[in-house]
Amino acid sequence: MTNIRKSHPLIKIINDAFIDLPAPSNISSWWNFGSLLGVCLAVQILTGLFLAMHYTSDTATAFNSVTHICRDVNYGWLLRYLHANGASMFFICLYLHVGRGLYYGSYTYTETWNVGIILLFAVMATAFMGYVLPWGQMSFWGATVITNLLFAIPYIGTDLVEWIWGGFSVDKATLT
């Protein structure tokens, strides 16, 4: 008698993808973090789109729009918490993914490793922009402290910071 997971047409697809996956037997759970990064990124994009439908970035109404999302939108509180905690999970998975690469010596593949480093910097820059733009007074602090690190660059640091800020100081709590 044949096993149902190998004979049933629908269960066979799941069996081939998850149970009898043609992968080496010595692969460990450390190799899941790339897939988890994809899941976290998809959750971030979807929840971010739904939150952006109700968010107002004006300094006078930003807090009211967040309370509207949490109170009046169906499962708005869940979207907000998934988005906030999903960002933390994304970076945890990202750092574990890099740590796995360091542990297994993936840095010897220089082209692949350099692409990963560029992606890491792009993710950090994107996260910085997401942190700085909408959050009110916390973004004043974040923008000032983090971008002031650029002042340490010799000769161009001052001009670079003023270019990023768009002037001599950060103007408002949000971009509007």
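Even glycines carry a Cβ here, placed using N, Cα and C.
The feature transmembrane segment is assigned by Swiss-Prot to 33-53 (among others).
When Cβ-Cβ distances below 8 Å are used as the criterion, the transmembrane segment (77-98) is approached by residues 30, 33-34, 36-37, 40-41, 43-44, 47-48, 50-51, 66, 69-71, 116, 120, 123, 127, 130 of the same chain, each at least six residues removed from its ends. Summarising the annotation, Swiss-Prot assigns transmembrane segment to 77-98 (among others).
Positions annotated as heme b b562 binding site by Swiss-Prot: HIS83. A 10 Å cutoff on Cβ-Cβ distances gives HIS83 (heme b b562 binding site) a total of 19 other Cβ atoms nearby, all chains included. HIS83 (heme b b562 binding site) falls within a helical segment according to DSSP.
Cβ contacts within 10 Å of HIS97 (heme b b566 binding site), excluding its own Cβ and spanning all protein chains shown: 20. Summarising the annotation, Swiss-Prot assigns heme b b566 binding site to HIS97 and lists similarity to another entry as the type of evidence.
Annotation source Swiss-Prot lists transmembrane segment at 113-133 (among others).
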How many Å lie between the Cα of HIS83 (heme b b562 binding site) and the Cα of HIS97 (heme b b566 binding site)?
21
